[in-house]
Structures are given as structure tokens and as C-alpha cells.
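Down below is the structure, laid out as C-alpha cells.
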Amino acid sequence: MTLFLASDFANTSEVKRTSPFASEAFPSQGYPQVTISPSHSRTVTTSGQFGIDLSGQIASSFAQQVKLSFRNLAAAVISGGARLEDVLKVTMYVVDYDPSNISSVTEAMAATFGSKIPANTLIGVARLFKPEVLFEIDAIAVLNEESNESSPSEPIKSVDVVIVGAGMSGVQAAYECHKAGLSYVLLEAHDRIGGRARSEVASNLGSGVVDMGAAWINDTSQSEMYKLSQDLGLDLITQRAEGAEIWEYKEGNAFSAPYGEIAVSETQAPEVEKVFGALYAVNPSDERVAADLDSLTFSQYIECTTDDATVRDLAKMISRALMGIEAEVVSALWLVRFIKAGTGIENLISDLKDGAQYQRIRQGMSAFPQRLAQRLRPGSVRLSTPVTKVTQSSSGTCRVETFSGLTFTSKKVILSAPTPVYHKIQFEPPLPASKLLLSNSTLTGYYSKLIFVFSKPWWRESRLSGIMNTTVGPISFTRDTCSEEDEQYSLTGFIVGAIGHKWSLETREERKRLGWEQLKKMYGLVVSSIPEPINILEKEWIKDPWVMGGSCPGMPPGVLTSDAGRSLAAPHQDIHFVGSETGAEWTGFIEGALRSGRRGANEVITALKKQQAD
């Protein structure tokens, strides 16, 4: 037996794992017998997680319940601000334990935690809280409060404005404050600037980049982003809009169609026009209309508009494609307003002039916030600095505390964070009930990208557009995302909604394999020989604890017309709220983020000028 002294781990800065009893007589079974928490840490404890999916269905098989349970546990741990490697202990409960089923558990454990498996206990029970639930798991994790950048003893800094979040809206807000001559600090939880704008080098064969998040603008209705692209000296790439598209409504029933045509029959075309016409004509600013729409899910609204099953499925794809949220759960009012904010459904789904997918940035979308941040005051941006608490005093002073121990005081705070992340910050006094309901009710969509990088654009040689649309999955649609000048040739696949959630249960290697097999199968209908990709990149936004999904949060029925919905962009005393979902124009897009950041900064600048005048 190996003995360890407490002093061996007294100053640890990360979770330690060991098996002091490991020997031939007492094997470790591949997992640690002991885990030791870091010094200066706080505890995160989850409730029991079981095998239920986003639609509320409990998986029928034990193996699938185990996968879903681990997926839900990972989401719970991340939502608490911890990482999976921060988990100290998991406890699992199995109904009528059968040793032959243990492989499902060990495989899910390895897929979730990799090499950093926590201490764990498996308990056999007669039954759980529902007869159909066969497996449940809970966890204890720790948040390491040791600073790796700044000393907690660093003196409190006082500024006019603290901006929380360095995505596009936060950086734009900081830049507006900078131009107004205010003192400010920009705090970002990630180790990078950009938020949902994240660009990566496509492969080791060149410098061309691909976008793992936000990817497009246009030069007309997205006028602010276009002007900024010119101001920052960025190069625009016009989206490929020629060649055939590939469609698949049911598995095994795939076909090609000319670019830009919605692939439906002659009898279904009028039904599509009726749905699009209804979306165009409806007026969500009318209170009675808004109340009616907010009493329905988007699925129910579509079912009231058309009886054609294929057209219904096509219309429901809109919710999935735009937000990664299923039409069965999102408010019809929220989606109709989302569509109106993007200048209409035709433009939202278009790659042509005025369309939402008209232009890409050769340098990548990250270049927008990164280059703009270079214009800020040196030392004003703090990365890897999550905010933990915001206190507002009766004297009009805000105190902002961070995970690293840094503290700032200010006259105003601009919060640029997705609404589902509000709960990770302690507010004193608490946020009003309307804001809390908003944060707790907001739906986060499943939105991921698989980007396949090739040595040549083989689909173009076969006169294909690079567009694929399917209801089968795991990939729901693709786009050509090449940069010819950089010899960067790629197809980007979007994995969204409930299909994406199921796909995410697989290992990273299996997710990539499934996506590639689907792509080969679909494009193989037209192309005789498809080369292997030289690289496959993946980004699952729902697993980012400071984003928690994409591309934009949504709302279920009944929230938007309540006080919660009306509070979306409203300040709370000296805290001002920005972010793409708070904007009335181009909600959920980087254009909306920029405009909201400017709006929030102008609120602050105006208020501080008024205070100074008084």
C-alpha cells in the first residue's frame, strides 16, 4: 500500500487523481481511488441526471440512457462554471444491476472525461424515481479560485465603465466609451477576444482560415458591419451562389436541384408561397397579434398555416437552421420577430445580394473584434477574467468582482453576455424578477460546425454549389466556405437542433466519422470520386460554458409578451444589457451584436453626461 501525506497536496492548483491501493491484489480498474481538490476552491454539486432528451423523452434502452445521462451531467457541470476535468467524484445508480451492462457505463465515462476520470461509485438499486428510468448520475466538482494572472491583493481599480464580455457587442461598447473619453475596462471570461466569432487556420498547408462561429455579413442591410470591414481593411469574399444543390427530405430519397430553388413538387410550391407570405404579412408589433403568436409554438403556427406534411417539415427547418432550436418548443412570436429583424425569410436564407450569407471575411470574423480591440486603451482588456459578482450601492457605485480576485468599481456596468449566462453572476441587489425569468426561461439551441478541408474544391468541378439540405442528419445543411486566394478549400457542415444533441453523445472521432460518411453518401449521388479531407475541424458551442449554445438564444411561448420579454434590453439601475439577442435589428447576427453594443454604450454615455450636468 502506498501512503500519501496531506502535505503532498497542500498547495495543489488542480484536481489530483491517484490510486494509492493499486496493486495486482487491488487493481485500480482504470480509475482513481482518490481525488484531491485544489486549495482555494469552491464546490459545485449537481442533482441526479438521467437519460432524458430535449423533447422530454426518456430513452428506451439502458445504453442510450447512460449516454444521455452523461451528456446531461456534462451540461450541468459546465453550467455551474466548472470544467469536466474539475469533477472530483461521480455517483451512479443502476436499477437491477447487471455486470454485462457495465461496458456502456465505462465507455460513456471515458467519452466524457477522457484521461481525467474522477473518483466514482456505482450503486445498484431496486428502482429510481420513475419506473422507466434505469440509470442516474450526479457529480461534485470544484472551482479553482487561484489566480494565474493577477494577484488578488492588487488594489481595486476605479473606472467610469466596466464592460463584461469581449464579443462583438462588448468590444463595440468599449470602443464607443473610448471615443467618448470615458475610462473603462473590458473583462472577458475566455482566453480570447471574439465571443461567437472564432476563426481558426484551416490546415497546416497554408494560412487560410475558417470560421467556427459567425461567418457572414452583407453590404446593404448589414451596413454597420460592412462599414466596419472597410474601416478595418478587411477583405470580402462573395459567397458562391451557382451550381446544383442536394436535397433530402427522407433517408434514401436524395436528389439534386438547381441553385436557389426550394425543392418541392408543383402542388407543394403554392403551399410554400403561402407560408412565406404569412410570415411576411404578419405584424408582430400589433399587441393582439403578438399575444396570439406568443401563445403558440412555431410548429403550431405552421400547422395552422398549411396541411402539407412536407411543407410543414420544410418550414420547421427554419427554426432549426436559424437558432438550433426545434420549432416544437420556441415561441412563434420570437421566431417571427427574429425573421422580421433579419429583413424577411427570403433574405435570411439567401446567399445572394442582400442575403444573410452574402459575404465572408478572408481574414475570418474574429478579425472584427480583435482589430477593433487594438484601438482600445492599452491594458484595458483583461482576458481569462470571469466576473462573479456585481454589487450596486445606493450611492451609485458599482463593484465588480472577478474569479481571479481582481475587483473594479465603476459608475456603470455594461453586460455583454448571453441571457442564459446571467445566472453565473451574483447580483446584489438581485436582478428583478423579470430579468431572472428571462434568464431562466431562455432556450439555448444546439449549433455546431464540422468543417471539411480539402486540397481542391472537387464539388465545383462537378458544378455543385456546395449546398446540401437534409432533414436526416447529423449534418442539416452545408455551405462552400473556400478562400481561393489562400488556396483554402472547405465545406462547412451545420449540425443543429435535436439531431445535433443526439450526435453530440458520440465521441469526437465518431462524430467526425458520421459527418464525413454522410457527406460522402450525399455528394456521392453526383460525384463519382470524392477525396478524403486533409483536415476536419469541429466546434460544439453548447459545450462552451460562457456561450452555452448558439447561434442565438430563443424564448418559449408566454415569455416575450410578459414583463420578462419587455425587460430584454432594459437597464437595471446602473447595469446595461447588450448582446445580439437584445437588438431589434438583425437579432442573433453579428450586425445585431454591433448595434446593441453601440446602443448600450450610448445609454451609458448619455446617463453619465446627465449626471455630470446635474
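Placed from the backbone N, Cα and C atoms, the Cβ positions cover glycine too.
TrEMBL names Glu188, Ala189, Val387, Glu581 as FAD ligands; from the candidate set Ser169, Ser207, Ser562, the record adds Ser169 to that same site.
Taking only the Cα positions, the spacing between Val387 (FAD binding site) and Phe494 (substrate binding site) is 31 angstrom. In the three-state DSSP scheme, Ser169 (FAD binding site) falls into the helix class. Counting only the Cα atoms, the space from Phe494 (substrate binding site) to Ala189 (FAD binding site) is about 26 angstrom. Using a 10 Å Cβ-Cβ cutoff, Ser169 (FAD binding site) registers 34 neighbours.
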